[in-house]
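Listed in Swiss-Prot:
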ACT_SITE  65  active site, nucleophile
DISULFID  89-186  disulfide bond
CARBOHYD  51  N-linked glycosylation site
CARBOHYD  78  N-linked glycosylation site
MOD_RES   25  pyrrolidone carboxylic acid
SIGNAL    1-24  signal peptide
C-alpha cells in the first residue's frame, strides 16, 4: 500500500508532462494565438485521460493536485505542483522549455532519461485548459494522455462534457477518463 502514493506522484507528473516518450513525430494542434502570460497562475489538475493500462488500473486512487504556472528565465514555464503523498503535502518543480510554437513545450526527464512534449491544445485562460501528450513507450506501444486544468476545484458539468469530447477526439474512450476528487489537504481555493 505504501507504493500507492509514489504511483500517484508519477501519474500527476504524467498528466503535467506526458509519459516518458521519444520525441513526437510532428506536432499536435495548439491553442491559436496562445498567450503564455494569460496561462500563468494557479491551476488544478481536475481530469485525466490515458490509454495506458496502468492508468486504467490506478485511476480510481488518484486525487486532484494544484499547480502554479510561472514564467521561466528561458521563456518557458515553471510548474510548481503540490500534491498529497504519504498523507503529507509534497511540492515538485518542473521546467518546460518552449518548443518553437507558442503553447508547445518540451521537458527532458533525467529520472526517466527521456524527452517529453506537451501542448496546450485549448484554453480560455479563465476557466480551463486542455493539454495533450502523445508518444511511444516502446516499439508499437502508442501512448496518449489528455489533461484538464481548471482554475476552480469544482467543475461545471458542461466543462466535464467538453473534456470527455476532447479526450474522445484524441482517440481515448470513456473508460480512459477520470475526474479527480479533491484531497482533504494540500490544495487551496
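Positions of Cβ are set from backbone N, Cα and C atoms, glycine also.
Structural mapping of features recorded in Swiss-Prot.
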residue: 51; record: N-linked glycosylation site; Cβ within 10 Å: 20
residue: 65; record: active site, nucleophile; Cβ within 10 Å: 29
residue: 78; record: N-linked glycosylation site; Cβ within 10 Å: 16
residue: 89; record: disulfide bond; Cβ within 10 Å: 14
residue: 186; record: disulfide bond; Cβ within 10 Å: 19
Of the recorded positions listed as 51, 65, 78, the one whose CA lies nearest the CA of residue 89 (disulfide bond): 65
Nearest of the recorded positions (51, 65, 78) to residue 186 (disulfide bond), judged by Cα-Cα distance: 65
DSSP-derived structure type at residue 51 (N-linked glycosylation site), helix or strand or else coil: coil
Where residue 89 (disulfide bond) falls in three-state DSSP terms: strand
Pairwise Cα distance for residue 51 (N-linked glycosylation site)/residue 78 (N-linked glycosylation site) [Å, integer]: 27
Separation of alpha carbons, residue 78 (N-linked glycosylation site) and residue 65 (active site, nucleophile) (Å): 16
